[in-house]
Every structure is written in C-alpha cells, then in structure tokens.
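Novice: Copying in the features that TrEMBL gives for the protein in this structure:
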- Cys50, Cys87, Cys121: [4Fe-4S] cluster 1 binding site (BINDING)
- Cys202, Cys206, Cys209: [4Fe-4S] cluster 2 binding site (BINDING)
- 41-158: domain 'MTTase N-terminal' (DOMAIN)
- 188-420: domain 'Radical SAM core' (DOMAIN)
- 423-487: domain 'TRAM' (DOMAIN)
Amino acid sequence: MTVAVFDPKTVQSNVTKNNLAKNNFTTSNIDNVKSTQPKTKKVFIETQGCQMNVYDSEKMADVLGDSHGMIVTDNIDEADVLIMNTCSIREKAQEKVFSQLGRWRKLKEKNPELIIGVGGCVASQEGDNIQARAPYVDMVFGPQTLHRLPELYEKSQSQSKVKPKNRIGVVDVSFPSIEKFDFLPEPKVQGFKAFVSIMEGCSKYCSFCVVPYTRGEEISRPLDDVLAEIDTLAEQGVREINLLGQNVNGYRGEKADGTICRFSELLHYVSHVDGIDRIRFTTSHPLEFTDDIIDAYAKIPKLVNHLHLPVQSGSNRILQAMKRNHTIDIYINQINKLRSVRPDILLSSDFIIGFPNETDEDFNDTLQLAKDLDFDHSYSFIYSKRPGTPASDLVDNVDLATKKERLATFQQVILDSTFAKTRAMIGTIVSVLVEEKSDRMTGYLHATAENTRSVVFIGSDALLGKFVNVKITEFIGPHMVKGEFVSVIDEV
C-alpha cells in the first residue's frame, strides 16, 4: 500500500487567493491540514543470530518501507512497530524471546497502538504458542513469510482497535517455497558491502540442528534472480557481496534454459558482475565442499582469502552421532587441497563442545584438530538441547562444569591462533575496502581486509568505497589493527 502525503506547500503554490476564497480556504485551514498530515511510521527491528537473519531484517525494513513508508529507528521508545527477528540456535532461545517480550509488553501498556511482531526461527517453531503465552503480540511470521509483512501489519492494525480480550492475533509461519523473493522490493543499501541470500533451508538434518524444521528444506533461487539482485546492489555502489545460505555449496539454481547452476558456477557468474570486487559466502557444509569449489579459489581472485567451513567436532564418533555424514579425514583432505591452490587462505569453523557421550578422548581429538589445522577463529559453544531435534532424545550426560572447562580450553587454543595471525600482519601491506569514518577515532577511517580484520587508518572521506593499500603498523585487538595509507588500488 502506498501512503499518499498531502503537501500544503504545493497547495499554496497552485491555489490562488480567489480560489482560496471560493472554496472557503484560509491560511489557517491549510495550517490545520499540515498539522493533521499523517506522521511517518517508525519500525524498530531487533536481530538475533546468524547473517541470514541480518539479511532477513534488512528485507523486513525494505518491505515495510516500500509498502507503508516506514523508516527504521534505533530508538525503541519512538517506534510504532517493534519486530523481534529470532534465532533458535541460541541456548534457551524460546525463553529468551518470551523474556524480551515481557519487557516490550510494558511499552505496549504505555502505548496500546504499538504493534509487536515476532519473526524468525523461534516464531516458526512456536507459531500460535507465542500469542497463547504473550497475547499482546500482534503478529507472528516465519522466515519464509516476511514478504507478507504489509498484509500482516494491516490486519494487526485493524485488530488493535478491538478490545484486548476480543483481539485475534495474526500468525503465518507457512513454508511457501521460495515465494518470498518474488515479492520483495529492490534492495536498498547504505554502504559498500551487502548480503545476498541465494537459497533457503537445509536438507542435511544434522541431529542437533533445528534449521530444517524452522526454515524448511533446501530451495535455491533461480540464477537470474540472484544476479539481478547483485547487479542492482552494484549499481548502488556495493563493492563486496556475501552470498548467504544455510548450506550455500548445496546451491542448485535454475538457469533460464531450465538447466541447473551449481555453486561453483554461480561464483564465476558473480565474479563477472561489474563493480563487484570481493566475494564471500556463508555458510558451507563439508559434505558438498567439492573439488569444483576448491578450483574456483584457484581461478577467481575476487574470492577472499577466508573460508568459514563448520566441522563441529574433531571426533569421528561424535560426527557420526551428529549425523554429519563425513569424517575428519575428508575434512582435512578438503582443507589441504584448498591450501594447495590458495596458500594464504584463513579458515574459521563452528564447534559444539560437550555433545552427548563426548569423552575426554573425543574432546582431545577436537582440540588436536584445532591445533593441526590452525584455525583463524571459531564460533564455539557448549551443547544444549534443541527441542524437536533427534539429539534432544539423547541423554545429555556431560555435566555443565566439564562442558565449560572444555570450552575454555578449546577457545584459548583458538584465541592464541587469532592473536598470532593478527600480530603477523604488522609490517605487511594489505588491501582493504574503506567502509566508513571510524566512530571511535577522530580523523580515522574504518576498513575491512580480506581476512575479516578491521583496519583503521588516517585518511580523507574521498577514500570511502575504494580499495586501498594500507601498511599495518599496530595491533589493537585480536580482530583489529591500525595502519598507514599507502595507495589507492582502484577508482570507483
């Protein structure tokens, strides 16, 4: 729905004094029209979890902006709409959602016209139960139905005029295939990096994971749709693209001629989009990290020298219990092949510590894998049950104290590696994408290197959006360094 805005200034410029008199208009009448002009609605979106959720939140903002002229606000107190984009991967995810909703309830008590929405994976899992436990929630929607937000919002607004005890909540957590991408407005970005979702869902059904149940099975977007979105982003000044999916290397997008485009082929297509000079992707599964993808690293310089490839455990016994369907030897072989074609590649991964029946030997295998492969960084967590997953039926027989001790030991190994790799950058010259002025250091610019490190250096605003060479001079933290400007690599 497009909101028509009445502009009194236009009226004043087009209506003569005679017309004003004839129609009984006065300046005070027009001022009154100005005062009753509908205000711009504001939406506050809280994003939890993965980069897919970050992308989805951006699309929620785009959809509501396109349909209702809404703008995003970071000030929750001035918002007309509150949306929580939830993540079910987090420990006790459901309870954390209801806890936050309890805080939002107080805002609604102060402002009964406030619309509260819950989206994302917890919404998909819980559905009607959210409104049963929190009846003040106006709308519940899943990852696959965010494109229907304008309709859900309209229904919620009409219900907000009904007495609270008679209100009917709006719930849509269906899985309408890949439909949502057909109804999204053109992407709008403010910056030089952007996410692009190339597929939805996952069909691997790891025993610990809720994604297949909250986002559905793997469905790939058609090739032309993906490339059209990237073209649009490039026209808006985007220089770096991050291709998203729960398992991006399982991409099987249909081409215009009806044939299938594999992920490695997609990488080649994206590399030929004018204006796009860096390509990342998140996240992958070792089961489909095939030789053609490794070959792409040898042939596509725009692919960054960083790969996130989750392994979850260094124990074959635990991997089998997780239903990962690959072995440690397969994983190590993939990394060795990759490093043979891109010796500068840095590797990050996901690890679950304390999975049911994990022994000291299993954990030591995981620790040894981290040392042998020299991971740059990791996302590691202690295991906790996710309702509805096969692993939730297993006895969680590793006590919490042991889990915490193992996690601390593991994370220290990874952190030592992170520190060493960041310190090793000192004295080197690296290519960075200049993104913005530093909000912490006056006169400095903030940029990102291929290896994900943040780089700050003194430079002019004219460098924003450009790739430049910077000599690294100082270690600031495990993921941040300071440098000195050397030269511009390209002109936008």
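Every residue, even glycine, has its Cβ placed from backbone N, Cα and C.
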Novice: Let me know how many other Cβ atoms fall within 10 Å of the Cβ of Cys121 ([4Fe-4S] cluster 1 binding site).
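Specialist: Summing over all protein chains shown, Cys121 ([4Fe-4S] cluster 1 binding site) has 28 other Cβ atoms within 10 Å.
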Novice: Suppose the [4Fe-4S] cluster 2 site is Cys202, Cys206, Cys209. Which further residues of the same chain have a Cβ inside 8 angstroms of that site's Cβ centroid?
Specialist: Lys204, Tyr205, Phe208, Val210, Val211, Pro212, Gln246
Novice: Calculate the per-residue pLDDT averaged over the domain 'TRAM' (423-487) and state the result as an integer.
Specialist: 96
Novice: Is it possible to list how many residues within the domain 'TRAM' (423-487) are helical, extended or coil according to DSSP?
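Specialist: Tallying H, G and I as helix, E and B as strand, the rest coil: 4 helix, 39 strand, 22 coil.
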Novice: Would you identify the secondary structure of Cys121 ([4Fe-4S] cluster 1 binding site) according to DSSP, in three states?
Specialist: helix
Novice: Relative to the Cα of Cys87 ([4Fe-4S] cluster 1 binding site), which of the binding-site residues Cys202, Cys206, Cys209 has the closest Cα?
Specialist: Cys209
Novice: To the nearest Å, how far is the Cα of Cys209 ([4Fe-4S] cluster 2 binding site) from the Cα of Cys121 ([4Fe-4S] cluster 1 binding site)?
Specialist: 12
Novice: Under DSSP, the domain 'MTTase N-terminal' (41-158) has how many residues in helix, strand and coil?
Specialist: 68 helix, 22 strand, 28 coil
Novice: Roughly how many angstrom lie between the C-alpha atoms of Cys50 ([4Fe-4S] cluster 1 binding site) and Cys202 ([4Fe-4S] cluster 2 binding site)?
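Specialist: Distance between the two Cα atoms comes out at 14 Å.
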Novice: For the C-alpha pair, I'd like the distance in angstrom between Cys121 ([4Fe-4S] cluster 1 binding site) and Cys206 ([4Fe-4S] cluster 2 binding site), rounded off.
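Specialist: One finds 16 Å between the Cα atoms of these residues.
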Novice: What number of additional C-beta atoms lies within 10 angstroms of the C-beta atom of Cys87 ([4Fe-4S] cluster 1 binding site)?
Specialist: 19
Novice: Near Cys206 ([4Fe-4S] cluster 2 binding site), which residues of its chain come within a Cβ-Cβ distance under 8 Å, counting only those 6 or more away in sequence?
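Specialist: In sequence order, Gln312, Met322, Lys323, Arg324 meet the Cβ cut-off.
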Novice: For Cys202 ([4Fe-4S] cluster 2 binding site), list the number of other Cβ atoms lying within 10 Å of its Cβ atom.
Specialist: 23
